[in-house]
Amino acid sequence: MSRSKESDELIFFVNGKKVIERNADPEVNLLFYLRKIIQLTGTKYGCGGGDCGACTVMISRYNPISKKISHFSAAACLVPICSLHGAAVTTVEGIGSTKTRIHPVQERIAKGHGTQCGFCTPGMVMSIYTLLRNHPEPSTEQIMETLGGNLCRCTGYRPIVESARSFSPNSACCPMNEKWKCCLDEGKNEPERKNSVCTKLYEKEEFQPLDPTQELIFPPELMRMAEDSPNTVLTFRGERTTWIAPGTLNDLLELKMEYPSAPLVIGNTCLGLDMKFKDVSYPIIISPARILELFVVTNTNEGLTLGAGLSLTQVKNILSDVVSRLPKERTQTYRALLKHLRTLAGQQIRNVASLGGHIISRLPTSDLNPIFGVGNCKLNVASTEGTQQIPLNDHFLAGVPEAILKPEQVLISVFVPLSRKWEFVSAFRQAPRQQNAFAIVNAGMRVAFKEDTNTITDLSILYGGIGATVVSAKSCQQLIGRCWDEEMLDDAGRMIREEVSLLTAAPGGMVEYRKTLAISFLFKFYLDVLKQLKRRNPHRCPDISQKLLQVLEDFPLTMPHGTQSFKDVDSQQPLQDQSGRPIMHQSGIKHATGEAVFCDDMSVLAGELFLAVVTSSKPHARIISLDASEALASPGVVDVITAQDVPGDNGREEESLYAQDEVICVGQIVCAVAADSYARAKQATKKVKIVYEDMEPMIVTVQDALQHESFIGPEKKLEQGNVQLAFQSADQILEGEVHLGGQEHFYMETQSVRVIPKGEDMEMDIYVSSQDAAFTQEMVARTLGIPKNRITCHVKRVGGGFGGKTSKPGLLASVAAVAAQKTGRPIRFILERGDDMLITGGRHPLLGKYRVGFMNNGKIKAADIQLYINGGCTPDDSELVIEYALLKLENAYKIPNLRVRGRVCKTNLPSNTAFRGFGFPQGAFVTGTWVSAVAAKCHLPPEKVRELNMYKTIDRTIHKQEFDPTNLIKCWETCMENSSYYSRKKAVDEFNQQSFWKKRGIAIIPMKFSVGFPKTFYHQAAALVQIYTDGSVLVAHGGVELGQGINTKMIQVASRELKIPMSYIHLDEMNTMTVPNTITTGGSTGADVNGRAVQNACQILMKRLEPIISQNPNGDWEEWINEAFIQSISLSATGYFRGYQADMDWEKGEGDIYPYFVFGAACSEVEIDCLTGAHKNIRTDIVMDGSFSINPAVDIGQIEGAFVQGLGLYTLEELKYSPEGVLYTRGPHQYKIASVSDIPEEFHVSLLTPTQNPKAIYSSKGLGEAGMFLGSSVFFAIAAAVAAARKERGLPLILAINSPATAEVIRMACEDQFTNLVPKTDSKCCKPWSIPVA
């Protein structure tokens, strides 16, 4: 039969506008097309792998059979444009803008303070928008499932969820208790309200209602196209790949016969990742998305037949419908599948990933295939030779040649049988986090019994995540004929232990944990089946203790809720004075509409080149040769830049721009390729040939560095009292060590820079995503060998920084500047997520050793602490980090005799750098560990020991700085009260007595955080305020808007000082021409010091205006300004703040370093699953001393965001390195920050009743970093839960649990009969897959 006619015309719509592309390139994805071809830059690049949600768009299609339009969210970075024929794409620009009208979703997420840096906001908006197009009144479960595929690094998610919940029918109150009554309605906060405490950050009444009738209509032309669609074969030929999309099954089968090795693609969620990250290319790609037979659903008495082309979301909806109509005993397999479909990947992936693709890919971590395998499912396949049914069994999943599809065969559908009465099916998975994460281990298990007995007639167990393929526990077949009892369970556990074999060096690591999970899942299955058998035949089966059965309940996907309280402004404060009020972020609406411009959103200039770098693949090696000839000959390549092209300084203090002669870490930049597109530059980097010769030593870990005495800088030391003498008088002495892993900044906007040569006098404009524009300017000037006055750095906004954009942008901008100077053309240098994580380094991993002397009542007499941090291969800010860790290590505790020492270890890893908290989260964690250990040794409650050792009266820190701890005690006591600590601790104890396999823990921690830098010049700031003759005001200052709301606060300051409404005032960009010689924006001082500068400039201007105002007191602002101009009075003023007096003398070990302290306390409660290591954050209460907040909405947002980032540091985020120093975790696919389901179910934040802080503007305090350490309250709550489990099992107490407390750490700490079944791995026999670097 002849094939249908070909067409090369691609037709789709974007935001209601028709797009026609002839011979579209199959390798071009929708994200690139939107951003670079049609200049819709609201959709952001965050990771390129569909894991972060930044590029979320809505895709709509019309089904000519059902006559319905479907809307679904998708990750644009994975959607090939060739797959969009007949589709309508809606981006954030298409639903609303400041030029037309903003959509209710955009309005609510902005006014609800759900945006900080704003980079993730368009993706969040589009996820919620798509949900509302399908469900105008969504349920809380739908909201949580929708947002599970979107990441945010700034907000802590609470305000985003709250904005989405405002569309839900039950959004009028917070579900604070089991009665679903609002805490405010019950009068719980009456005392605070009497004291003018406010709990409203915005006015819901101002929100415009959602009107579904006002949405963009689906293009009628596409409906006609779908109805009249000829059976043409769409064929698009690109540079390397041809995309063929047949319209009939016959054409599809013929194409598969002609191109048997061509992959079939519908969702591109697997193939797309291979093409992008593994550089796999396919000459031919076949898309069967138009074949109707692949989307058929048939429901019979035997089971369901599901078309292979159905998306996983469609499969979930179909199964949910069937499960709601049929008895549970008939839908066991369906329920098991649904359990995993709720959390598999993110919503954007489930919406496009096909059932057939998921099955055929046979990924070892597939969540569905083990269930299909045990469920006796069948694959219906077809070829030109006819149809065939293939069992979806362990042979198929293992890739046995005789059991899989032939190259010319196509999977048409999957038959999923109904379960039988005495058949039980269960599914299990454990992932790094609850949503949007591949399973570490998963399983499908099925057992059948002889009717009305517990005698096994069939047993099937399949595991994912155990080997290179799905693994079948075949030996368990020997159990057929046995009774379902404990003896059978013991034998099954031993069989699985023998069958599940993982080598020490198995990819993915966690060998003991994965083996333990396999056995733990079996036990859960045993209990689950026993429970169901008991229900059906109560007399035959033994009673099961409820204490054991609680573990069968998975942690629910619940929507977080909570309260935020702060001091309201004085009733006498003028309405136009917005200081102290919860004002929306200045760019909030622009964030939500996608109109906020980030570095890579700027239009490409004529002749602009794109830069891609070649990085070292060796940790320590000599460069023998570098051959770039093949790269230079590649299409589009203009030049290759190396160290020889640097006209000035190639780096200082060992931090080279380009490696020369030697490389000192994996990820060090060796050379760069400049080409006319990024894709061509990237492809050319793979053609650069470098020959290395390994060098010794190779130092990766802290232990390596100690062995080789490899350090950066001298040892730092502080001491007070007589430590040795105090040890002699102590009742007990405790020694130990604790390890804290590193942390990736994971700012949503990767490192970005554009360098534009101006053509004369060596001048350059640099647009950079940087926290320190002046340092970038200085480094570029030094690199090029020119004065700084030729370089102007521009920073409009930064998509998150957290310290990671302090020093690194200077290096990357210099790399780009050399390329720009050499080629004479503009250069765009935007790091991909993987390169960003590989090159830039993060938070310093730490080893802490301690020796503590204490009395039996818990009073600590002496402590001797040694800290070692992994600094990486160059100094960067590491010496400052270790200094800060030592200075702040004591936290809230008065230890009369204390010695602290610290060293920076020099290793062959990328240099670690500044990160939010700057050493405090590490140092205070070590202290929290040994204080808790003291409590355990004394058999005292941890909170009693913490309270006993806290500062109580005016005193001096270890560096001899005086401070008043009054507000520290207030925070502690208020947090105790707000959290109902003692009553909840009693409830936790009662829960633990009644549950064996699940345990709860509660912990409360105090915090003393010192704000600022150790030198006065670090605190200086400048501002320029200009008043125009129409009365409008332009403010410029030296701070950078990172999402922390500094620009919003500066407008509030100027508004108060000039006594004009905020609407009169505008901030444009920060640049080094307007405000020179700036200091990095960090250390929680940005608003403090720049606010003083803005205040100074405004006061100068008001002083000039005083005579005019006094002459015309009844005039208005515009009249006064016009008169000032007529009188030739300058309406421009530079403000300056010299900085806080600060200095530290390390020889004497003393100094008044910090202008003030921020105090706080946090109480967190968690529940852990002792069998899997999973945990649920139940509730957190935070009390923070913010003094008089300039903007409570911004400050509470900073507290929440920092807390969740800290929660990630201490419990989730894990950087994994090979023994050779290669970073494995190079994106959200492998590295898991907290998602929306990881934050506390109840999340309460209170700002302490204000007290005076004369050091900062308007008596405010900088709160950007302090909340980070409070995340450790979750860690210590987990440790308490683990302690409860170990105590019940009669195990010795673990005095120090290493951080992060991941699922692996938690599970392996809860030792039991199952962990004891697993033999310990011997790392001496072979290298492990990954190693801890602390």
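Glycine is no exception: its Cβ is also placed from the backbone N, Cα and C atoms.
What Swiss-Prot records for the Mo-molybdopterin site is GLN116, LEU1042, GLN1198, and among GLY356, GLY357, GLY799, GLY801 the residue it adds there is GLY801.
Swiss-Prot marks one residue of SER320, SER460, SER1130 as phosphoserine, namely SER320. Binding of FAD is attributed by Swiss-Prot to LEU264, VAL265, ILE266, GLY267, ASN268, THR269, CYS270, LEU271, SER354, HIS358, ASP367, and the same site annotation extends, among LEU216, LEU222, LEU319, LEU411, to LEU411. A separation of roughly 10 Å, to the nearest angstrom, links the Cα atoms of ASN268 (FAD binding site) and CYS77 ([2Fe-2S] cluster 1 binding site). In the domain '2Fe-2S ferredoxin-type' (8-95), the DSSP tally of helix, strand and coil residues is 19 helix, 33 strand, 36 coil. Within 10 Å of its Cβ, the residue among the binding-site residues ASN268, SER354 with the fewest other Cβ atoms is ASN268. SER320 (phosphoserine) falls within a helix when secondary structure is assigned with DSSP. In space, CYS52 is the closest of the binding-site residues CYS52, GLN116, CYS154, GLY801, LEU1042 to ASP367 (FAD binding site), judged by Cα positions. For CYS120 ([2Fe-2S] cluster 2 binding site) paired with CYS270 (FAD binding site), the C-alpha to C-alpha distance reads 24 Å.
Same-chain residues at least 6 positions away in sequence with a Cβ under 8 Å from that of CYS154 ([2Fe-2S] cluster 2 binding site) are, in sequence order, GLN116, CYS117, CYS120, MET748, GLY800, GLY1043, GLY1197, GLY1201. Here CYS52 ([2Fe-2S] cluster 1 binding site) is compared against the binding-site residues CYS152, LEU264, SER354, GLY801, LEU1042, and the shortest C-alpha distance is to CYS152. Other than the site residues CYS47, CYS52, CYS55, CYS77, same-chain residues with C-beta atoms no more than 8 angstroms from the centre of those residues' C-beta atoms, the [2Fe-2S] cluster 1 site, are LEU31, LYS44, TYR45, GLY46, GLY48, GLY49, GLY50, ASP51, GLY53, ALA54, ALA75, ALA76, GLY123, ARG833. Every protein chain shown contributes to the tally, and the Cβ of GLY801 (Mo-molybdopterin binding site) ends up with 30 other Cβ atoms within 10 Å.
Among the listed recorded positions, namely GLN116, SER320, GLN1198, the Cβ with the most fellow Cβ atoms inside 10 Å is that of GLN116. Each of THR115, GLN116, GLY118, PHE119, THR121, ARG153, THR155, MET748, GLY799, GLY800, GLY1043 belongs to the same chain as CYS117, CYS120, CYS152, CYS154, is absent from that list, and has a C-beta within 8 angstroms of the C-beta centroid marking the [2Fe-2S] cluster 2 site.
Around CYS77 ([2Fe-2S] cluster 1 binding site), the same-chain residues six or more apart in sequence whose CB sits under 8 Å from its CB are ASN29, LEU30, LEU31, TYR45, CYS47, GLY48, GLY49, GLY50, CYS55, listed in sequence order.
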